[in-house]
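Q: TrEMBL lists 782-863, 891-993 with the feature compositional bias 'Low complexity'. Marked as domain '4Fe-4S ferredoxin-type' by TrEMBL: 296-326, 369-401. Look at TrEMBL and you will find 720-999 tagged as region 'Disordered'. Here TrEMBL flags 12-31, 76-96, 116-138, 158-177, 197-217, 224-251 as transmembrane segment.
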Amino acid sequence: MPDVDSTTATVTMILGITGVVLSVPAWLFFLRGARGLWKFITSGTPLPGRFNRPFTRLATLVKEVVFHSEMARKPAVAIAHWFVMVGFLVGFILWFEAYIQTFNPHGGWPVVSHWPIYHLLDEILGLGTVLGIMFLVLVRLNSRVKERLSRFYGSNQLAARFVEAVVFVEGAGMILVKAGKIATYPDHTPNPWTDFVTMHVATLLPASAIMVSCFALMKLLSGLVWLFVVGKQLSWGVAWHRFLAFFTIFLQKNPDGSNALGPVQPMYSSGRPITLDTADPDTDTIGVGHLPDASWKMLLDSATCTECGRCQEMCPAWNTGKPLSPKKFMIDIRDAAIKNSSYLVDPSLLEGTQDDAHAGLDVLRMTGRSAIIDPDELWSCTNCGACVEQCPVDIEHIDHITNLRRFEVLIESEFPSELTGMFKNLETKKNPWGRNAKDREDWISKARKNGVDVPVLGEDVTDFSDLEYLFWVGCAGAFDDQAVKTTVAVVELLHTAGVKFAVLGKAEGCTGDPARRAGNEFLFQMLAEDNIALLNDTFDGVPKGQRKIITTCPHCFNTLRNEYPDFDGHFDVFHHTQLLNRLVRDGLLTPVPRTDKNRKPVTYHDPCFLGRHNKVFDPPRELIGATGADLKEMDRNKNQGFCCGAGGARMFMEEKLGTRIADNRAEEAVATGAEEIAVGCPFCNVMLTGGVKAVSDAPADEQPVVKDVAQMLRDNVLVDGKLPTPRDKQFLEPPTRGLTDLGLTSVRHLPPTADSEKTKTKPQQQTPVTPSPAKDNQPSGAATPGTATPRPTVPQAPGAAKPAAPGSARAATPKAPGTATPRPTVPQAPGSAKPAAPGSAKPAAPGSVRPAAPKAPGAAKPKNITPQAPGGAKPAEPGSAKPAAPGSVRPAAPKAPGAAKPKNITPQAPGGAKPAAPGSARPATPKAPGTATPIPAAPKAPGAAKPKAPGSAKPAAPGSAKPAAPGSVRPAAPKAPGAAKPGGIRPPGAAKPVTNDKE
C-alpha cells in the first residue's frame with residue numbers, strides 16, 4: 001500500500017464515514033419497505049399447488065433468468081436488459097466494495113481484487129451496465145410514451161427515469177473507480193485483456209487518491225439513494241421487480257415454465273378448490289370481489305409488474321380503443337391495494353403488529369363504476385392470452401380477470417345483458433343458441449344424402465370397440481351455417497381416408513367454454529359433469545391413450561384437452577387440422593397439386609385457443625402448403641397473432657366500445673393480397689367474414705373468402721368435382737381395448753384384420769404431426785377408465801335404483817353409449833318406472849355416479865335454495881312425473897325478474913307451493929302402501945337377449961319418452977326451519993338480496 005499523506009487520509013476517512021452514516025437510514029427504510037411488501041403479499045388468500053416440483057421450478061427460474069427466454073421476443077432489448085440485470089446482481093459485489101474504497105482508495109476485497117479475472121468482471125459489468133441502460137433509455141424515448149399505442153403509455157415515467165439514472169450512475173461508478181486506480185497507482189498496470197476500456201479512460205484522469213475515494217462514494221450513494229426511495233415507494237414495480245420477479249417466476253402456475261394459458265385456474269376458497277357440489281355460500285368465497293379476497297399470487301403479480309407494456313402492446317382490446325389494458329389492470333390493483341393497506345400507512349420501523357391473514361386490507365370493491373376495475377375493462381377481455389404470452393415475469397392476467405368475473409356473475413349477477421340468454425340456453429338446451437338437441441343431427445341427414453357415411457354412436461354403432469376416433473362436432477359445428485360446411489368437409493375427408501370414427505349426434509352438449517370464460521363457473525361445471533359422464537360411457541373399456549377425440553372448434557379442443565382432466569375427464573384430444581395433416585402425410589388423402597396458374601395467394605389466421613394457448617401452429621400451415629396454395633403470412637402471426645374478438649365469451653356480446661377487433665384483423669388479412677383467408681375455428685370464421693365485409697372496398701364477389709382449412713383441403717382432393725372412392729375402413733394405429741367387470745380391468749387385443757395389417761408397415765411414420773396433449777391425461781387412481789367418478793359422500797335421492805340382484809353380470813349397470821348420466825329432477829311415482837328404451841337415460845345402479853340434486857345455473861350448491869319459475873308449479877302429484885327423453889336437458893327454473901333471492905330460504909313464485917312443514921325431508925313422492933318400486937332392467941350387452949323387468953310392461957320404444965318442456969319446473973325444496981339470514985350465492989340474473997329488518 002503506497003504512503004498516504006494526512007490530508008488524503010483525513011478526507012478519505014470523512015468520505016468513508018459519510019457513506020456508512022448514510023447507509024443506516026437507507027437500509028432501514030428499504031428493510032421496512034420490504035417487510036411491508038411481504039405483509040402485503042402474504043395477506044392474500046391461500047393458493048395451493050405453487051410449491052410442487054421445486055427442482056423443476058428452480059430449473060425454470062435459472063433458465064428464464066440466465067437465458068432471458070421470456071424476453072427473447074425482442075432480442076436487442078433482451079441483450080441490453082441482460083447486461084443491466086447482471087450488472088445489478090453480480091455488481092452487488094463491486095457495489096459493497098465501495099465501503100472499503102471510500103476509506104482506502106487503493107484497497108478492495110482481500111485476495112480476489114488482485115486477480116485478473118476479477119478485473120475482467122469489473123470491466124464487463126461496468127461497461128455492460130452503462131451501454132445496456134443507455135440503449136433501454138433510447139428505446140423508451142423512441143416509443144413516444146404520450147401516444148396511446150405506445151407500450152409505455154400509462155407507465156410511471158418518474159419511477160422509470162429514476163431507476164435508469166441510478167443504474168447509469170452505478171455502472172459509471174464501476175468504470176471510474178477502476179480507471180482512477182489505474183491513473184493514480186503505478187502498481188495498477190493496465191492490461192489490454194482486462195482493462196480494455198478503463199485503460200483509455202484513465203488517460204483522461206489525474207492521479208488522485210481523493211478522486212478515487214469520491215468515485216467510490218458516488219457508486220455507493222447511487223445504491224443508497226435507490227434503497228431509500230424504493231423503500232418508500234412500494235408501488236414502483238419497475239424497481240421492486242428486481243427482487244420480486246424471482247418469486248413470480250418460481251411460483252408461476254406451470255412449474256415447467258410454460259405460460260399460464262390453456263386451462264383457467266380452478267376456483268378456490270381459502271386454498272380449497274370448490275365445485276358445484278362442495279360450495280357453501282355461508283362460508284366460501286366465490287371469485288374475487290374485494291381486495292381481501294385476492295390470492296397472494298394476484299398481489300404478488302401486481303407488485304411485480306414492471307410496467308414494460310408488452311402486454312398492452314399486443315392486447316386486442318387496447319389496440320381497438322377499448323379501456324382494458326392488462327398492464328393498467330395490474331397497476332390499478334397494486335396501487336389500490338397498497339393505498340388501502342392499513343399496515344402500510346404508518347408501520348413502526350422494522351417492527352410489526354400481530355395481524356390476521358387480511359392484515360390492513362380494507363374491504364374495497366374490485367369491480368364497479370367507482371371501484372378499482374371498471375366493468376367495461378373487465379368485460380372487454382377476449383382471453384386471447386397475448387398478455388400472458390408476452391409478460392416477461394409470468395403474470396397470470398387471464399386467471400385474475402376470470403376470478404373477478406366469477407364474483408360479478410355468481411354473487412352480484414352483474415354482467416352484460418347479452419349473456420343472460422346465453423346462460424339460459426346453455427342450461428336448458430346445452431348450446432348457446434337455444435337450439436333443440438334433435439337439430440344437432442340435421443347436418444348428418446344432408447351428408448348422408450350425398451353418400452357420406454356418418455355413424456352415430458347409440459344409433460348406428462353400439463359401442464366404441466371398432467372405432468378409433470370420436471368426432472366432437474361442437475355447437476357451432478352443428479348449428480352455424482358456415483361451421484356446418486367445415487363439419488361436412490371433415491366428415492367427407494375422414495370417410496374418404498377410411499378413418500374409423502363416429503359422432504354423438506344429439507347426445508352432445510356444449511363443453512361449457514363460454515360459460516366458464518364469462519365467469520359462470522358452476523354452469524360450466526354442470527355441463528362438464530354431464531359431458532364427462534357421457535364420454536366415459538362412450539369410451540367404456542378403452543384404455544388411456546386411445547380415447548381419441550377430434551374437434552373443429554379450438555374452444556372445445558382446449559376445454560376437453562386441458563380443463564376436463566380437473567374433473568376426471570381424461571381424453572386424447574386433437575384438432576381436426578392435426579389429424580388431417582397426418583392423413584395427408586400417410587398418403588390416405590391425396591390433394592391434387594395446383595398449377596402455377598391456379599396457385600391462389602392464401603393467408604392463415606391463427607385461432608388464439610389453437611395457436612397461442614395450445615401451440616398448434618404448423619399442421620394448418622402444412623395442410624395449406626399441401627393444397628399448393630401460396631401462403632402469405634400476416635405480420636402478426638403464430639405467438640404474435642392478433643385475436644378475432646370472439647374469445648372470452650365475447651362471441652355472444654355486442655362490441656360497443658372502440659372499433660371491432662375483427663375489423664382490425666380482417667384489414668391486416670386483406671392487406672396481404674390473399675384471395676382466401678384460411679381459419680381453423682368456427683368463431684374466427686364468423687368474425688372475420690363480417691370483418692372482411694366491413695373493411696374491403698372490393699365488390700362482394702371479389703372480396704377474400706374466409707374458409708376453414710378443412711374446406712380448402714376437401715376442395716383440393718376432389719376429382720372432377722367428386723370425392724375419390726373411399727378407402728376401406730382401417731385403424732391408423734392397432735387398438736387395444738379393455739373390459740371392465742366387477743371393478744376389475746382386463747385388457748384384450750383385437751385380432752389383426754386386413755385393415756389393421758395395412759397400418760403395421762411403417763408405424764414409426766404414422767405418429768401425429770403435433771405432440772401429444774400437454775397435460776398428462778391419465779385418470780386418477782380413484783377413477784376406472786370409462787366410468788364416471790363415484791361420489792359416495794352424498795346419500796342417494798329417494799327413488800334411487802336398488803342394488804343389482806346377486807349373480808348379476810356386472811356390479812354397475814352400464815349406460816348405453818351416447819347417453820349422459822341422468823340427474824333426477826322429479827321423483828317418480830310408485831310403480832311408474834318402466835324399462836328404459838335403448839339409448840335412453842337410466843337410473844344409475846349402485847356404484848355409479850350418485851344422483852345430484854338439481855342446481856340453479858351457475859349457482860353454487862346452496863343449502864335449501866331451489867329457485868322457482870315465475871308462477872311456479874306446485875310439487876308434482878304422485879304418479880305425475882315423467883322421465884326425460886334421451887339427450888334432453890334438465891329444465892332450468894327461470895328467475896323471477898327482480899325477485900330477491902335470500903340465502904337458505906326457498907323463494908316462492910306467485911301462487912307457488914307452500915313450504916313443507918318443519919322437519920320434513922326433501923320433496924319426494926311417497927310410495928303407495930303395498931307397492932314396490934321396480935328396478936329398471938340393465939341394458940343388454942351387444943348381441944345379448946333383450947332383458948325384461950319382472951312383471952313389467954313392454955319397454956318403451958326408442959325416442960318415445962317425452963322431453964321435459966322448456967321452462968318446466970322442479971318441485972320446490974321445503975323451507976328449512978329457522979332459516980338463516982338472507983344472502984349468499986344467487987343464480988346469474990337474480991336480483992340482489994334485500995334484508996328485511998322486520999323479520
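Placed from the backbone N, Cα and C atoms, the Cβ positions cover glycine too.
Note that the structure is a prediction, hence the values are computed from the model and not measured.
Looking at the shown structure, what environment does each listed feature sit in?
A: Summed and averaged per residue, pLDDT over the domain '4Fe-4S ferredoxin-type' (296-326) gives 96.
Nonlocal intrachain contacts for the domain '4Fe-4S ferredoxin-type' (369-401), taken as residues 6+ away from its ends with a CB within less than 8 angstroms of a stretch CB, comprise 64, 70-71, 73, 241, 244-245, 248-249, 252-253, 257, 259-261, 264-265, 288, 291, 297-298, 301, 304-306, 308, 310-317, 322-326, 328-330, 332-333, 336, 408, 414-416, 517, 608, 612-613, 639, 642-643, 645-648, 650, 653, 657, 661.
Here the transmembrane segment (12-31) has Cβ contacts under 8 Å with residues 4, 98-99, 102-105, 209-210, 213-214, 216-217, 220-221, 224-225, 227-228, 230-232, 349-350 of the same chain, all six or more residues outside its ends.
Beyond the ends of the transmembrane segment (76-96), by six or more residues, the same chain brings 65, 68, 109, 121-122, 125-126, 128-129, 131-133, 135-136, 139, 167, 170-171, 174, 219-220, 223, 242 to within a C-beta distance below 8 angstroms of the stretch.
Same-chain neighbours of the transmembrane segment (116-138): 76-77, 79-84, 86-88, 90-91, 94, 109, 164, 167-168, 170-175, 178, 191, 193-198, counting only residues six or more beyond its ends whose CB sits under 8 Å from a CB of the stretch.
Beyond the ends of the transmembrane segment (158-177), by six or more residues, the same chain brings 84, 87-88, 91, 94-95, 98, 101, 122, 125-130, 133-134, 136-137, 140, 152, 197-198, 201, 205, 212, 215-216, 218-220, 222-223, 225-226, 229, 233, 236-239, 307 to within a C-beta distance below 8 angstroms of the stretch.
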Q: For the transmembrane segment (197-217), find every same-chain residue at least 6 residues outside the stretch whose CB is under 8 Å from a CB in it, and list them.
A: 4, 8, 11-12, 15-16, 18-19, 98, 101-103, 105-106, 123, 126-127, 173, 175-184, 190-191
